[in-house]
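Read through the structure below, which is laid out as structure tokens, and then see the notes.
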Amino acid sequence: MEGKEEDVRLGANKYSERQPIGTAAQGSEDKDYKEPPPAPLFEPGELKSWSFYRAGIAEFMATFLFLYVTILTVMGYSGAASKCATVGIQGIAWSFGGMIFALVYCTAGISGGHINPAVTFGLFLARKLSLTRAVFYIIMQCLGAICGAGVVKGFQQGLYMGNGGGANVVAPGYTKGSGLGAEIIGTFVLVYTVFSATDAKRNARDSHVPILAPLPIGFAVFLVHLATIPITGTGINPARSLGAAIIYNREHAWSDHWIFWVGPFIGAALAAVYHQVVIRAIPFKTKS
């Protein structure tokens, strides 16, 4: 009986985990992954590499296709005489989430599949890429978004200009503070999912994780759109908001535009800090 009581008293602590969890895993001597070294702040050598420009082109093309398909979907919903005959808000959310899933899958091996300046900013803060590459990616993403929205307007100018052009604005009945909060939280969800889905430790221990990474990222985009389309039309992507605002170019599209840069960048920064400092505790890890 004494032995059984000892087992109960010690419980799970009597036997060590085969695979340590939490901070125990990070400090384990026999860890089965290698933490990537921090990217340098400036890396001029990248400018001489074709892979650097190829990655930028991939970001441009992915964001172009993203805006083209999603804005067309929004125009089809907004311009319909009967909303019952359209894909509805759920269909718009699936369009955004599905395109992110497909495009991240296609470009992850080339550029990392950011397709979003907020994602790029969050990864930069976590030292996953250099400032040189981050700035280049953001420029290419914004150019791709402008071109994608421009093609939609070229195909259906009357429909495009008559139905808001897919531009993000704070909906009537909501304050600018509400819109900003929605963008911060929505982007936090997205960028936190990106960090978790691409975590080096999880990739090393679960071989299926890198293959499935685009799925939770796309699903996070879908869920955030379901929640925030009624509030802001869902930005969480400054390039997407900028492209639609430039091509639509109406005063009300610009009056709230700062929200769709400030909100996503704050959300991305919070997600980077939360994942790197709280979840992974990287600043507190002992160096071997």
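Positions of Cβ are set from backbone N, Cα and C atoms, glycine also.
The region 'Disordered' annotation in TrEMBL covers 1-36. Annotation comment: TrEMBL describes 57-80, 92-113, 134-152, 179-197, 209-231, 258-279 as transmembrane segment.
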Is the transmembrane segment (92-113) in contact with the transmembrane segment (209-231), using at least 3 Cβ pairs under 8 Å (sequence separation of 6 or more) as the test?
yes
Within-chain partners of the transmembrane segment (134-152) [C-beta distance under 8 Å, separation at least 6 from its ends]:
52, 55-57, 59-68, 71-72, 75, 111, 114-117, 120-121, 123-124, 160, 165-166, 238-240, 242-244, 246-248
Tertiary contacts of the transmembrane segment (258-279), as residues 6+ beyond its ends and Cβ separation under 8 Å:
116-119, 121-123, 125-126, 168, 170, 176, 179-188, 190-192, 194-196, 232, 235-238, 241-242
